[in-house]
Structures are given as C-alpha cells and as structure tokens.
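Colleague: Got a structure for you, written out below as structure tokens; questions coming shortly.
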Amino acid sequence: MATAAWLLGRRVASWRMRPPLQSLAGLITQRTNSLLPVDDAVNGLNEEQKQLRQTVAKFLQEHLAPQAQEIDQSNEFKNLREFWKQLGNLGVLGITAPVQYGGSGLGFLENVLVMEEISRVSGAVGLSYGAHSNLCINQIVRNGNETQKEKYLPKLISGEYIGALAMSEPNAGSDVVSMKLKAEKKGDHYVLNGNKFWITNGPDADVLVVYAKTDVTAVPASRGITAFIVEKGMPGFSTSKKLDKLGMRGSNTCELVFEDCEVPAANILGHLGKGVYVLMSGLDLERLVLAGGPLGIMQAVLDHTIPYLHMREAFGQKIGHFQLMQGKMADMYTRLMACRQYVYNVAKACDEGHCTTKDCAGVILYSAECATQVALDGIQCLGGNGYINDFPMGRFLRDAKLYEIGAGTSEVRRLVIGRAFNADFH
C-alpha cells in the first residue's frame, strides 16, 4: 500500500511539472498595463484637471507600474532618484508652488489628483510624494522667507532634492506638543539635540522641515516650538537604519538623530516660538492631500477586482454575475465615489480660501477607513488568489492601513471633529 508521504510526494512532483496557470499570469499582465476608466464628469473636474489625471496616469503606467510589486517585496525603490527627477520634469513635485520657483502654481485639488494617481500604482511611492510635495515643499512655500524659498524650492521642485517633514518622536506621536527635541540658541546658530521617529523619506531626504523646542519653559508648551529647515550633511545630524514596515514598503522611513547639530538661525521657518502655527495649519493641508492616497488605493483595488470577477468562473458562470459579488462591487464602488466627492470638494474649498480643520480631518478619517474595508473586500472577491502575493491585494491592504495611523490616528481625527463642534457651542 502506498504511504501518505509517497502520495504527497507524487502530487507535489506532478504540480511542479504543470505549466503556469495562464489565467493567473495573464491577469497580472493585463492589470499591469490597463486601468478602469474614471468618470471625471461625475467627479466635477474641468478639462485641465481631467488632462492632468490622464497625463500622470499614462506616465506612471510606463515608469512606475512595472516596478510596483518589486518595490514592495524588496522594500527598496532602487531608482528613486531618477524617478524623482522624472516627476520634476513632469511638473508635479511643486504642483502648488509658484511658477517663479519652478512650480506649477496649481491648487490642492490638483495635488490630490496626483497623489491619488501615484497611490493607485504604488501606495508607498504615493506616500513619499505626499511627504515631499506637501509636507516639505508646501510648508516652505507658505512659511518661508524669500531667501529660503530661492535657496530650497527650485531643487526640491526639480527633483534634485528629496524633502521630508519631521514632527513625531518615539514618545510624542499624537501628543506632538510634548516633543523633546531641544534647540538651544548659541550665537547665530541653534544647537539641536534629540531625535525624531517614523519620518517618511528620512533616509533619503536632502531637506527637512524639523520641529523642535526652543523654550522648554513656555506655558502653554506649544508656544515654545519652532520650525527649522535642516539639510542633509549638517554636522551632528544623522539617520538610523530604515524601518522594516508592514506596508508602504519602499517608502523609506527612519529615526533622525540630532547630536549637537548646529542649524543657522537663518533657517528658522516662520517665526521663533511660532512653530505650532506652522505645524497645525500645515497639518490640515497634510491630511487633505494625503487623503488622495486612500482614493488611489481604492481605485487600484477596483482596477484588479472588477476584471477578475468577470474572468473567473465558478458553477458555470462568471463569478461577477453572482448577487453576492455584485453587492461587493457596488459597496466598493460607492465607498470610493463617496470619498472622492468629499475629498475633492474639501480641496476645492481650500483652494477658494475656505479650509476647515474638521473637514480636513474628516476626509482622511473617512477615506482611510473606507480604503481598508475596500481592500478587505477585494481580497475576499479574489478568494485564494487574493491571499497570495502573485496578486497585489495584500499590498493594498497593508498600504491602506497606514492612513488610519499616519497624520493623526483615526481616533485623534474623531477628537478633532468632535472638539470643532463643541467649540461652536461655547
């Protein structure tokens, strides 16, 4: 009688001799090179905005899509610098920056659209783009003096430099005002000592906006915070080994270390002791622009799931024809479209000068949680294929989860919204 081990060995050998599953390989190739159409007439975009999406999407399919899965698996974007310069040539790195510094002079809606399309191809590269274009460049645009803008913006906008923002610390995440990084005045410099943690683009950044305590006795503590522009290579500034993250792999993140790091007083961004105003006003726009990330991830889930449901067969028909699968398609699509309308409308309002803290928190709260659910639904639709790494569904889920944590957790966003309503009744 054949033993169980012998039978298992026969089955394994037989399986290994089979040719690759054509439906699986074919679908992966198909999804790499084509996207579902996005109806921007429904989304309320003008012709220039529609063209922007199409141009960016076409560029990304050629220059980023073929690498997206490898970037995630290796946790490394090998040609990051080259790609960044290509984004600079495309004109999207300084999309909200004035033309005089090499920017495109467009609005936050356009920034969201680019963030969405990059995240549609790679959530990790989208996150790095958001940190560069909004957290770094836009902060210098909004708060820098003319000398600072002329010095830093052109190279950040061209892609020669990579930018970052450093706010969080190991024990100061949501409670960011409790930061411990200290900046002590000595002559015409400030000497920084301490560290920052979870810093997106940290290992790669040439220019960083860094928040530090210049007055540890200030009451309230927020009045003692100042923003600085720090350059890679400044003596006393170093980066630790990049972190091995659950998702957003290839968007390099690390700890920043400051050991008697001398930063010129001329590099104060905004005004001494007014860093909290730079921080909080920038945080609203950070949350808005980063909300484009979950939109892109949700669209990517649909890009892969909808065609699969109309190719895979079970019980003699395409599984997309089963009512339960139709329900999932409807749920995923309506979540995406509801999020899009909210994000786009808040972006339009900000472009018109009406930017509210509760809605900037609201757009990323809702879109982030919807993205996680849509990614879970996508995995369920693909069944076993959704759970193997030949398909990118697991990547979408891991990337989506970051947006419930970064730029303020979902819990903090709910507090922000609730407090805004409470303030109306004081």
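Just so it is clear, glycine is given a Cβ too, placed from its N, Cα and C backbone atoms.
Take a look at what Swiss-Prot says about it:
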ACT_SITE  Glu286  active site, proton acceptor
BINDING   165-174, 198-200, Arg312, Gln323, 380-384, 409-411  FAD binding site
BINDING   Ser174, Ser222, Arg223, Tyr277, Asp284, Leu285, Glu286, Arg287, Ala407, Gly408  substrate binding site
MOD_RES   Lys58  N6-acetyllysine
MOD_RES   Lys58  N6-succinyllysine
MOD_RES   Lys78  N6-acetyllysine
MOD_RES   Lys78  N6-succinyllysine
MOD_RES   Lys241  N6-acetyllysine
MOD_RES   Lys318  N6-succinyllysine
TRANSIT   1-32  transit peptide
Colleague: Report the largest Cα to Cα distance, in Å and rounded to a whole number, among the residues Ser174, Ser222, Arg223, Tyr277, Asp284, Leu285, Glu286, Arg287, Ala407, Gly408 that the record lists as binding substrate.
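Modeller: For the residues that bind substrate, the greatest Cα distance is 23 Å.
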Colleague: Return only the integer: C-alpha distance in Å from Lys78 (N6-acetyllysine) to Thr200 (FAD binding site).
Modeller: 17
Colleague: Near Leu165 (FAD binding site), which residues of its own chain have a C-beta under 8 A away, given they sit six or more steps off in sequence?
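Modeller: Those within reach of Leu165 (FAD binding site), by Cβ under 8 Å and sequence separation of 6 or more, are Ala131, Leu135, Cys136, Gln139, Ile199, Thr200, Leu208, Val209, Val210, Gly282, Glu286.
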Colleague: Of the binding-site residues Ser168, Asp284, Gly383, Ser410, which one sits closest to Lys318 (N6-succinyllysine) when you measure Cα to Cα?
Modeller: Gly383
Colleague: Within 10 Å of Ala407 (substrate binding site) (Cα to Cα), which of the recorded positions Lys58, Asn171, Ser174, Lys241, Gln380, Gly383 do you find?
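Modeller: Candidates kept after distance check: Ser174.
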Colleague: Between Lys58, Lys78, Lys241, Lys318, which of the modified residues has the fewest other CB atoms within 10 angstroms in the structure shown?
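Modeller: It is Lys241 that, of the modified residues Lys58, Lys78, Lys241, Lys318, has the fewest other Cβ atoms within 10 Å.
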Colleague: Tell me, by DSSP, whether Ser410 (FAD binding site) is helix, strand or coil?
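Modeller: It is helical.
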Colleague: Compile a sequence-ordered list of residues in the same chain as Arg223 (substrate binding site), six or more apart from it, whose Cβ lies below 8 A from its Cβ; state 'none' when nothing qualifies.
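Modeller: Listed in sequence order: Asp215, Gly273, Val276.
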Colleague: Just the number: how many Å between the Cα atoms of Asp284 (substrate binding site) and Ser410 (FAD binding site)?
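Modeller: Cα-Cα, rounded: 14 Å.
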Colleague: Check the DSSP secondary structure of Lys78 (N6-acetyllysine), expressed as helix, strand or coil.
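Modeller: Reduced to three states, the DSSP call for Lys78 (N6-acetyllysine) is coil.
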Colleague: Which one is it: of the binding-site residues Ser168, Ser174, Gln380, Ser410, which Cβ has the fewest other Cβ atoms within 10 Å in this structure?
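Modeller: Ranked by other Cβ atoms within 10 Å, the binding-site residues Ser168, Ser174, Gln380, Ser410 bottom out at Ser174.
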Colleague: Whole-number answer please: how many Å between the C-alpha atoms of Ser174 (FAD binding site) and Lys58 (N6-acetyllysine)?
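Modeller: For Ser174 (FAD binding site) versus Lys58 (N6-acetyllysine), the Cα atoms are 38 Å apart.
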Colleague: My understanding is the cutoff is Cβ-Cβ under 8 Å with a sequence separation of 6 or more in the same chain; which residues meet that for Gly383 (FAD binding site)?
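Modeller: The answer is none.
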Colleague: Where does Ser168 (FAD binding site) sit in the DSSP three-state scheme?
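Modeller: Once the DSSP labels are grouped into three classes, Ser168 (FAD binding site) ends up as coil.
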